[in-house]
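Colleague: Structure in structure tokens, see below.
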Amino acid sequence: QRRVYRTTTHVPWELGQIMDSETFEKSRLYQLDKSTFSFWSGLYSEVEGTMILVCGGIPFLWNQSGQISGHAGFGPEYEIVQSLVFLLLATLFSALTGLPWSLYNTFVIEEKHGFNQQTLGFFFKDAIKKFIVTQCILLPVTSLLLYIIKIGGDYFFIYAWLFTLVVSLVLVTIYADYIAPLFDKFIPLPEGELKQQIETMAKSIDFPLTKVYVVEGSKRSSHSNAYFYGFFKNKRIVLFDTLLEDYSALNKEPVEEEGENEETKLKTKNKKQGCKNEEVLAVLGHELGHWKLGHTIKNIIISQMNSFLCFFLFAVLIGRKELFAAFGFYETQPTLIGLMIIFQFIFSPYNEILSFCLTVLSRRFEFQADAFAKELGKAKDLYSALIKLNKDNLGFPVSDWIFSMWHYSHPPLLERLQALKDAKQE
């Protein structure tokens, strides 16, 4: 794929009508920089992980966690307490070692190509907030999961699976209402033509829409997105302001530096085009197609079937002392360490195969959702919206087929446009 980025310096003839040479070159350089960053950050991650294993980093951190919990008055019999200390230290270590890479990605690569909208202060405030919120969810959930495994008897894997199922459903339900607003500002879409058109389209396919929000994604990045969430009769749609031509702060006139919010930088030098109302409706037609065709439910079912299988295999393997010994635990077999060894390392080959299968399925779902939007009469607008979104996000439309097959959860732009082309012309 890197060879494609390096050698494809001119717009291919089949792209001549949809992409100018300036945008093509910008997207090529952006993706080349991202590819280089991905290679080095991935290499570092592999080296770091290997060194931790070779040097006994996991048992060392476990012993340190035991000493810390011991100083707090919790002896070895309080395994769950020691596990939580271990988890806190491990996630803190991961956050600190990943911080330089995150800084470089945000303030060098994304900044260089005009996407970053964050100040350094906002970045650190955001990172600290994310870490705290993550711990507030991760530690209680982990402690309850370990407790269920401890007291669950021979069929603990069933109870553990049911617990994780409930937790995942609760988190999906509360995320957009209580967690996401901690990081971004959500405002109801103002009354007007766009809102009326969205409500009309939702009603036409029996989508139980209750609210439409606009999220101020432009204070973080100029990338655009849209999604829906909620269960049963309580569905909400969320539109990034960068998706909307009429609402994006990136399309507004420059503001004076003195009146600028400390957390937001309005960079008008790289003005993003956004989408017109008809194109936004086409994008939403695609997203609602995922709901109407049952893709969301199918993904949940697949995820939970996989989760149940993993917990069952965990129950089979957790008693194997040689697994713990291979990772430096000769005297004890802590449950949390068993979860880490089996889910992260033993299942690694299986997870790669599963990931590829889900990528293939995702691409199929994307074509089906495009076809659904086409049936709604949105083919022409979705065609132009996909081109605009690709341009605004500097997506590179040429890809190596093996790289594309393995990594792309969405079909390449040209394949999606070709599928829409006949209907668009009609």
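Cβ coordinates come from backbone N, Cα and C, glycine included.
As listed in TrEMBL for this protein:
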- GLU287: active site (ACT_SITE)
- ASP370: active site, proton donor (ACT_SITE)
- HIS286, HIS290, GLU366: Zn(2+) binding site (BINDING)
- 1-185: domain 'CAAX prenyl protease 1 N-terminal' (DOMAIN)
- 188-422: domain 'Peptidase M48' (DOMAIN)
- 80-104: transmembrane segment (TRANSMEM)
- 131-149: transmembrane segment (TRANSMEM)
- 155-176: transmembrane segment (TRANSMEM)
- 308-330: transmembrane segment (TRANSMEM)
- 336-361: transmembrane segment (TRANSMEM)
Colleague: Please give the sequence-distant neighbours of the transmembrane segment (155-176): residues at least 6 beyond its ends with Cβ less than 8 Å from one of its Cβ atoms.
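Modeller: Tertiary neighbours of the transmembrane segment (155-176) are 137, 141, 144-145, 148-149, 186, 229-231, 236, 238, 303-304, 307-308, 311-312, 314-315.
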Colleague: What is the interatomic distance between the Cα atoms of HIS290 (Zn(2+) binding site) and ASP370 (active site, proton donor), given in whole Å?
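Modeller: It is 9 Å, counting Cα to Cα.
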Colleague: Which one is it: of the binding-site residues HIS286, HIS290, which Cβ has the fewest other Cβ atoms within 10 Å in this structure?
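Modeller: Taking HIS286, HIS290 as the binding-site residues, the minimal 10 Å Cβ count falls on HIS290.
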Colleague: How big is the Cα-to-Cα gap, in Å, between GLU366 (Zn(2+) binding site) and GLU287 (active site)?
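Modeller: GLU366 (Zn(2+) binding site) to GLU287 (active site), Cα-Cα distance: 9 Å.
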Colleague: Restricting to the same chain and to sequence separations of six or more, state which residues have a Cβ under 8 Å from that of the residue listed as 'active site'.
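Modeller: Residues satisfying the criterion: ALA226, TYR227, PHE228, ILE237, ALA369.
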Colleague: By Cβ count within 10 Å, point out the most packed of the recorded positions listed: GLU366, ASP370.
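Modeller: Compared across GLU366, ASP370, the most Cβ atoms within 10 Å surround ASP370.
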Colleague: Given a Cβ distance threshold of under 8 angstroms, which distant residues of the chain, six or more beyond its ends, lie next to the transmembrane segment (80-104)?
Modeller: 37, 41, 44, 48, 61-62, 64-66, 68-69, 72, 74, 123, 127, 131, 134-135, 138-139, 142-143, 146-147, 150, 334-336
Colleague: Within the same chain, where does the transmembrane segment (131-149) have neighbours whose Cβ lies under 8 angstroms from its own Cβ atoms, ignoring anything closer than 6 residues to its ends? I mean 6 or more beyond.
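Modeller: For the transmembrane segment (131-149), the sequence-distant neighbours (Cβ-Cβ under 8 Å, at least 6 residues beyond its ends) are 79-80, 83-84, 87-88, 91-92, 95, 156, 159-160, 163-164, 167, 171, 179, 182, 335-336.
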Colleague: Centre the Cβ atoms of HIS286, HIS290, GLU366, go out 8 Å, and tell me which other residues of that chain have a Cβ in range of the Zn(2+) site.
Modeller: GLU287, GLY289, HIS295, PHE365, GLN368, ALA369, ASP370, PHE372, ALA373
Colleague: Between the residue listed as 'active site, proton donor' and HIS286 (Zn(2+) binding site), how far is it from one CA atom to the other, in Å?
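Modeller: Rounded to the nearest whole number, the Cα-Cα distance is 5 Å.
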